[in-house]
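As recorded in TrEMBL, the features of this protein are as follows:
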- 1-45: region 'Disordered' (REGION)
- 94-118: transmembrane segment (TRANSMEM)
- 97-558: domain 'K+ potassium transporter integral membrane' (DOMAIN)
- 130-151: transmembrane segment (TRANSMEM)
- 194-213: transmembrane segment (TRANSMEM)
- 233-252: transmembrane segment (TRANSMEM)
- 264-284: transmembrane segment (TRANSMEM)
- 310-329: transmembrane segment (TRANSMEM)
- 341-362: transmembrane segment (TRANSMEM)
- 382-408: transmembrane segment (TRANSMEM)
- 429-450: transmembrane segment (TRANSMEM)
- 462-485: transmembrane segment (TRANSMEM)
- 492-512: transmembrane segment (TRANSMEM)
- 518-536: transmembrane segment (TRANSMEM)
- 582-778: domain 'K+ potassium transporter C-terminal' (DOMAIN)
- 679-704: region 'Disordered' (REGION)
């Protein structure tokens, strides 16, 4: 069943929320002129071509795509520059990125001194227990952040692949080419591949779930400092101020990371420096003996002495490094070297001094544990401390907000989530993104969380479990990658993995005790998001299965007789195809083989335009593409049929109403260049050896005449009529489908139908726009 409709009805594309990307292989996007704006919708997530998608389509699906027929001449389809290139920064630019990363990444870890000791102890601690807890904090920061993440994990991590979902893709791809028995077993095991997928997705959703708590925890922890200055202030006032700050924070997100860092980075730099200075002051004035906490043996003594209670206290000390999971995800917005410089040279030393100084003060004033930062500031500095703490808490939320944008962009590229609008906010740093719908949903969620939990103690009970799950998943996945991707000997990997995994497991087991007290909320939210991601991926794979049979070269479908008459190939009925005057521009999402909209158009109508152009857009992760590299035209196997591939950046202009004239001009230039080219064999012959009647001269004249005829046909077709032809693919579940599978697919199709874009959004003349509808069974 197929329908043809004019443009006014709603149009739904395959990748929703974007300008035109159709399920039939149609796609639209920017034309060829550069925009003056500095940030537009991110086009890479808008139109994922099959060329780019193939890396994520399972082999069992891609193997069904037919390539046995005569291939089309499409050299432009394979261009190494189409893949995202790593940006490398040095010198001043590296220092500038490191400075930016302080404001964006370390706000969360940097504001932990506000509540770590109060979350660890429930009563004034003894000096012995205080130093033991301090030892745990110091060595946790060293092992979990410095060694595990800053020096190990991100050292091997491509900033383009900054999440466990991407790591899962690395492993799945590399296992296929592995030669050892263990690798071969893992590659052939559906359970192993499924486990990698589930772990990667769960890790992402747990970061997103904790993202709801982090802004509320940080801002509420700082605003509660008002109670130190004004004990009579009401709880409602504290919550109201917290909510107002959160609203302002999310409303300024569209400015982008670079602009926000102008304000945020100085705040975090001053905040960390302020903590370091206060730490030195308290250390000198009260108790320099707390330096003995640098001995890791005291951490073990603390756990042995306090037994079960000491193990439970780990749930509070782990708050010292919450936010480290955002460091992993935010790698895509900065660079590995910038993160290492900013942590090792500034953030880490400042945090050590902050915790050691607080411990020095609490050792003399044990009751100060309940509000360690504000109680330990020197006399006369409480008001400046309150102001800078509130500002730092606002900034602290930025790390998880940025991580949310980064992770959603990655899961969309891997087809685990429907396509939603993504905006690039920088022309220099290509990985800096803003996702409007995620921003507003996160704002609503954090405000509700702050209002419901209303204090950092309750929030602390819900916080940390997902963080520890993520760090444990990181340890396992990176260790697997070390063996299977980077080919490091398992004997060299095992001992570091065992050490870090034991540390992760100890913290995780302690954090799990918080589940009945509130951590159930983040785990439940993460599970719901994971089911949504996996459901979408499952539905996309079923869609790819259904579409695989329609991926073939043009010669598989249309044949041309010597006299120029076209007909369907024998497998499609061997029926003649009438040719109508005019130019037909078929929007092509796939960018290779025959667009589904083209085959459906020909099958249903037994008619084709006189000149055919398959128009495909290939988004690149860069602001703009140079004019000489932007467009590739190629001639396909049937007469007067061309493919035009446009590579464009996220600041290049969106499709313009004069698109047809631009396309015709590019095809004409391509044909003229073909006409001007002369084979080397002809060029090398002596002039007097070539007579007007020689075969070489005659072949040259025929070739030029053929090109001239094609140019004439192109211009005549353009002058007569232009049609823009896009497709609308509807999907139907097969009648004999099992109940569970049918239920999953019903949910997938409902989400798909309600998140796709509208045809009316196309900036094309509506009187020249046709939609071809067709039905596929899944």
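Cβ coordinates come from backbone N, Cα and C, glycine included.
Note: TrEMBL annotation is automatic and uncurated.
A quick note: this is a predicted structure, and the numbers were derived from the prediction, not measured.
Segment contact holds for the transmembrane segment (94-118) and the transmembrane segment (382-408), given three or more CB pairs below 8 angstroms at sequence separation of 6 or more. Contact between the transmembrane segment (194-213) and the transmembrane segment (382-408) is supported: at least 3 Cβ pairs lie under 8 Å, counting only residues 6 or more apart in sequence.
By number of Cβ pairs under 8 Å, the transmembrane segment (341-362) is matched best by 264-284 from the list 233-252, 264-284, 310-329, 382-408, 429-450. For the domain 'K+ potassium transporter C-terminal' (582-778), the mean pLDDT of the prediction comes to 81. Residues 109, 116-117, 120-121, 290, 292-296, 298-299, 301-303, 305-306, 310, 313-314, 317-318, 320-321, 324, 327-328, 339-340, 343-344, 348, 351-352, 355-356, 359, 362-363, 366, 471, 474-475, 500, 503, 507 of the same chain lie 6 or more positions beyond the ends of the transmembrane segment (130-151) yet place their CB under 8 Å from a CB of it. In this chain, the transmembrane segment (518-536) does not touch the transmembrane segment (429-450); fewer than three CB pairs sit within less than 8 A of each other, excluding pairs fewer than 6 residues apart. When each of 233-252, 264-284, 310-329, 382-408 is scored by its Cβ pairs under 8 Å to the transmembrane segment (492-512), the top-ranked stretch turns out to be 310-329. Across 264-284, 310-329, 382-408, 518-536, stretch 382-408 shows the highest tally of CB pairs under 8 A with the transmembrane segment (233-252).
Scored on C-beta pairs under 8 angstroms, the neighbour of the transmembrane segment (310-329) with the top count among 264-284, 382-408, 518-536 is 382-408.
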